[in-house]
Structures are given as C-alpha cells and as structure tokens.
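S.K.: Below is one structure. I have some questions about it.
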Ligand code: JEB
C-alpha cells in the first residue's frame, strides 16, 4: 500500500519510522510519502492560511496550496487514484470497519490540516473526481489533523497482510466483524502466576481450552456491560448463546 501525507508538519510523522509501521515500511509492505504543504505556497512567507469568510475566530487554510499539493501527488501515478482522507472533528466516525476498508485500498492520501481546517472547496473539487472522506477519530477536539493521521495509519497498517505475525490475527480484534463484533476484550495475564498477592485466575492455568474460551467470553461480556453499555445494546441477539444469555440475565441486562 502507498500512503501520501501532506502537512505543514511533516516532522510530526517521525513515529511512522518506529515499531510495527516502521517494520512494515522496511519490508516494503507500506510505502509512505511525506510532503510539506508550504512547498506549494509561493509568497515570500509561504502563507497557507487566511481569515474566514463570514467572520469568526481563527484562520482557515487557503485552497490554492492544497490544490497544487494534491495535484502533484496525483501526478505521481497516472494510472491510479488514491482515496483521500481528510481528518476533521465534523467527519464520519473512524471505526474498525473503515480501517478494514482502507486496508483494502492500494493508495491513500491523508490531508491533515491546522487552524480551523481547509477551505471546503478543496473537498468539493476532489470529491467530484475521486473518493474524499471527511473522517473524525473521536468526540474530542484536537489542535490539528496530524495525530488523527497517526492513529489511522496505525489502525490500517496493522491490518495489511504480513504486518501482524501469524501469532496474532486481526480476526480476534474487538470491533472486527464476527465473533468479537461489539465486544471488548477481557483482561490478560502472563507469568508469574502470583504477583504482589494477585493471582492469575486459576482457569487460565488449567489447560481446559473450552472452559478458558467460555471464561474469556464471560469476561468480555462483563467488561462490555461495565464500560460500553451502548455496545452491549448493539449486540446481535443471534450471536448470543445460552451461556451468554444466562450471564447477561445474572447481570440484570436481559429483558
Ligand atoms: C482534525 C482539527 C479544529 C474546530 C475545527 C478545527 C484541523 N477527532 C478529532 N478532533 N479534532 C480533530 C479530529 C479528527 N480527525 C481535528 C483536523 C483538524 C481537529 N483542527 C482543529 C478544532 N475545532 C484543525
């Protein structure tokens, strides 16, 4: 997969050289291209922002540098078109489903902004020619889109074939369609079996794989009920077995 990122802070993306994503790049699974937006601002101060039409606080990013920068990225391959992802607090929620959709694309272009965001005509211009998604990573306000891009590249990158070892597979993830959809993962433990008086739950040491799977599912249901009631409400009743129903009834969570 190719990923292009246009930003006034390309140095913000140094973490993409580290750990899982850094390894994926070394191995040629991920090809990341960073671009300085100001390279396409031609005045002496390399200005990328201006005052908002209609008044109000803050500044808005000018369309011309973004247009030239995006055109230059598109020109890198005449035979392909990237999916464009614009982080914004007013976008559609970034979910595991969207991460999986992005992981199936050959080419992504991220356009993290600063100030109050990008002049909306940039999204209109490219939205008429290619797919442009305005996406939010959560209901809180960042100072710019860069951290959101780091989050999305990590969520997408770990789904690419060959990035996670076969020891761990993305099908076990919370939020992934299937078994764990709308279920949080329960607690995890490693050695030693006792630490500062806290014991590892005995069942995990028992070697009874069937009982362990059942215990883990109970813990996942309990944790989901406690931390994310709205996810529990969204559980497909068809995915609940009789043990699930009994546990939820014990917790007073079934009609
Ligand atoms: C993303 C951003 C700003 C109003 C407008 C702009 C660019 N979940 C999220 N929270 N905040 C952002 C985001 C995502 N994705 C985000 C891009 C930009 C915030 N800002 C600051 C603040 N309020 C500028």
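Cβ atoms are placed via backbone N, Cα and C, with glycine included.
Got these off TrEMBL a minute ago, pasting:
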type	residues	note
DOMAIN	1-232	domain 'tRNA methyltransferase TRMD/TRM10-type'
BINDING	137, 138, 139, 140, 141, 142	S-adenosyl-L-methionine binding site
S.K.: Using CB under 6 Å from any atom of ligand 1, narrow the binding-site residues 137, 138, 139, 141, 142 to the ones that qualify.
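M.R.: 137, 138, 141, 142, by Cβ distance under 6 Å.
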S.K.: In the structure shown, which of the binding-site residues 137, 141, 142 has the fewest Cβ neighbours within 10 Å?
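M.R.: Sparsest of the binding-site residues 137, 141, 142 by Cβ contacts within 10 Å: 141.
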S.K.: Starting from the S-adenosyl-L-methionine site formed by 137, 138, 139, 140, 141, 142, give every other residue of that chain whose CB sits within 8 Å of the mean position of their CB atoms, in sequence order.
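M.R.: Near the S-adenosyl-L-methionine site, beyond 137, 138, 139, 140, 141, 142, sit 89, 136, 148.
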S.K.: Across all the protein chains here, work out how many other Cβ atoms are within 10 Å of the Cβ of residue 139 (S-adenosyl-L-methionine binding site).
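M.R.: Taking all protein chains shown, residue 139 (S-adenosyl-L-methionine binding site) has 7 Cβ neighbours within 10 Å.
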S.K.: Around residue 140 (S-adenosyl-L-methionine binding site), how many other C-beta atoms are within 10 angstroms of its C-beta?
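M.R.: Result for residue 140 (S-adenosyl-L-methionine binding site): 7 neighbouring Cβ atoms inside 10 Å.
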